[in-house]
Amino acid sequence: MSPQTETKANVGFKAGVKDYKLTYYTPDYETKDTDILAAFRVSPQPGVPPEEAGAAVAAESSTGTWTTVWTDGLTSLDRYKGRCYDIEPVAGEENQYIAYVAYPLDLFEEGSVTNMFTSIVGNVFGFKALRALRLEDLRIPVAYVKTFQGPPHGIQVERDKLNKYGRPLLGCTIKPKLGLSAKNYGRAVYECLRGGLDFTKDDENVNSQPFMRWRDRFVFCAEAIYKAQAETGEIKGHYLNATAGTCEEMMKRAEFARELGVPIVMHDYLTGGFTANTTLAHYCRDNGLLLHIHRAMHAVIDRQKNHGIHFRVLAKALRMSGGDHIHSGTVVGKLEGERDITLGFVDLLRDDFIEKDRSRGIYFTQDWVSMPGVLPVASGGIHVWHMPALTEIFGDDSVLQFGGGTLGHPWGNAPGAVANRVALEACVKARNEGRDLAREGNEVIREASKWSPELAAACEVWKEIKFEFPAMDTV
């Protein structure tokens, strides 16, 4: 036997496979203020103990692999490994558990949502020992929060830029989402803005198609904004979607928007990717642009209650990556959103400090310190009859976005915008007078419609429209 072979043998390295729980299940571990904490909903395969399943998640999302390797001896696994420190059964579910995992902060690159997700969810979701796995929540430590810029501007700066206070902001997605020429698209924008909306919006899949190239759309929308501002005396905006096939093209579009002098651009942050989104957010802060975020593709990731990533995690990630608005569901419209859970992640978007509250799906106390907040956007199947509920549920710091609920008005876009603005102002006035919008909302709308024919027509059109289906999500 050669001396080199003898040296390897004397190290004491023992090859083979051993249970993850021997190394990565540590119920006595006391979490540190600097740890990133994760709550996973774990559904083990039959015969796999929950401790082994939780430990496998901790291992495969940090330092572990399927077998012992000799290079483990070249570093301090105890310093760098993830730890499953607690497991609790899910009430009412068979063989399903919440596994809590702590990750040392040194595992993550500063200021990179991309790296954080690559580590925590990048590989473990295909693990054979698990039937299903869902990331329910993350606790981001202050030490890591401070490595991110976050939203380009935040709620208060946006209000100051727009000179709009004391009420939710009103928006509208231009429909049909695809097929309009740039000039007709700009005309629709102008009609909505002059009628009383604060914003109009590109739909998420409006990029630069043959029927409407991005530069033409940007120019005609800018013309519409300036014309509506001159007529109304209010600051207006249109979410110009800068999402593109490459980061370079995305930045070219954002730069052109800045040159036009418009106040806001837009990005599809999940399909575009976190690296692109963070790059755009930094540019927007440096150049005075607001950034509207659409969550296209989120339901592919978050809708199944046993597998994937809950939207509250995607919302936290967006606040870190950067965005001034993000779509958050409506509770009352056509897209899914259970009230308490939706308001849980709305608070995670807006507030500085959010206490743990399992009844709202918040597994960890989250301190955002000085990071600006994000305005939640309620959009999808809403109309004037929903205005009291939306005002009561979301409060002033929100954007209420009516696409079909504006453009579907029987008299046209501008009257549709008037109807929404009148309904909103009536609801805010009633709330400020101490009226209960949850009980008196319909009466508030009826009273306002007596002096607004535009609102009366909208009330008649949508009086029978409801979207009532059971929610998929559970706490």
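The backbone N, Cα and C atoms fix where each Cβ goes, and this holds for glycine too.
Taken verbatim from Swiss-Prot:
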MOD_RES   Lys14  N6,N6,N6-trimethyllysine
BINDING   Asn123, Thr173, Lys177, Arg295, His327, Ser379  substrate binding site
ACT_SITE  Lys175  active site, proton acceptor
BINDING   Lys201, Asp203, Glu204  Mg(2+) binding site
MOD_RES   Lys201  N6-carboxylysine
ACT_SITE  His294  active site, proton acceptor
SITE      Lys334  site 'Transition state stabilizer'
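Distribution of Swiss-Prot features across the structure.
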residue: Asn123; record: substrate binding site; DSSP (3 states): coil
residue: Thr173; record: substrate binding site; DSSP (3 states): strand
residue: Lys201; record: Mg(2+) binding site; DSSP (3 states): strand
residue: His294; record: active site, proton acceptor; DSSP (3 states): strand
residue: His327; record: substrate binding site; DSSP (3 states): strand
residue: Ser379; record: substrate binding site; DSSP (3 states): strand
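Residues Thr173, Ile174, Lys177, Asp202, Asn205, Val206, Tyr239, Asn241, Met266, His294 surround the recorded Mg(2+) site, their Cβ atoms falling within 8 Å of the Cβ centroid of Lys201, Asp203, Glu204, which are themselves excluded. Taking Thr173 (substrate binding site) as the reference point, the recorded positions whose C-alpha atoms are within 10 Å of its C-alpha, out of Lys201, Asp203, His294, are Lys201, Asp203.
Here the candidates are the recorded positions Lys201, Asp203, Glu204, His294. The one whose C-alpha lies nearest to that of Lys177 (substrate binding site) is Asp203. Cα to Cα, Lys201 (Mg(2+) binding site) and Ser379 (substrate binding site) are separated by 11 Å. All protein chains considered, the CB of His294 (active site, proton acceptor) has 28 other CB atoms within 10 Å. Using a 10 Å Cα-Cα cut-off around Glu204 (Mg(2+) binding site), the recorded positions Asn123, Lys175, His327, Ser379 reduce to an empty set. Here is what falls inside 10 Å of the CA of His294 (active site, proton acceptor) among the recorded positions Asn123, Lys175, Asp203, His327: Asp203, His327. Within 10 Å of the Cβ of Asp203 (Mg(2+) binding site) there are 18 other Cβ atoms, across all protein chains. For the recorded positions Asn123, Lys175, Arg295, His327, Ser379, a Cα-Cα cutoff of 10 angstroms around Asp203 (Mg(2+) binding site) retains Lys175.
The two recorded residues, His327 (substrate binding site) and Lys175 (active site, proton acceptor), have Cα atoms 17 Å apart. For Lys175 (active site, proton acceptor), the same-chain residues that are 6 or more apart in sequence and have a Cβ closer than 8 Å to its Cβ are Asp203, Gly403, Gly404, Leu407.
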